[in-house]
């Protein structure tokens, strides 16, 4: 179910409006946090699907490819996504950073990258499900502004989209036409 359908179902049809009206004791903070959680989980599930599809299309022997000497390798793009996402969410949401006790190798194979991407997405989804409501809605400084932590989670997904787009260029430079791009 996509976000629009989900929100229309939740807000406009079915039993949701009747349940809200019949339950004056519903805590609006919990309701808002739960709505945000569901939307985030939906977005990150699609992100995982697209990321694994994109990363998986590069031949294993081309994971060390970079288009200029200064650029990151294809593998480094994904390694960076994993480390940066986990570090940002850990530091700002107060969850344990798994990279504090486990270092990624500086050069990673296709299999290692694919496994690490799955691990990173599992970490993000667990964090979304378990972060306390108040922490999810709490505002924090980010890039000279104050944003709620749930927006930070979207910002990290946007960061991955940025690198996934770069990786699609890497694929094309290696003669691979990216499959599955939706551009949603």
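For all residues, glycine too, the Cβ spot is worked out from N, Cα and C.
Here TrEMBL flags 80, 159, 163 as divalent metal cation binding site. Long-range neighbours of residue 163 (divalent metal cation binding site) (same chain, six or more residues apart, CB within less than 8 Å of its CB): 77, 78, 80, 81.
Among the features that TrEMBL reports, signal peptide is placed at 1-22.
The Cβ of residue 159 (divalent metal cation binding site) has 15 neighbouring Cβ atoms from other residues within 10 Å, across all protein chains displayed. In sequence order, 77, 81, 84, 85, 160, 162 are the same-chain residues whose CB sits within 8 A of the CB centroid of 80, 159, 163, the residues recorded for divalent metal cation being left out.
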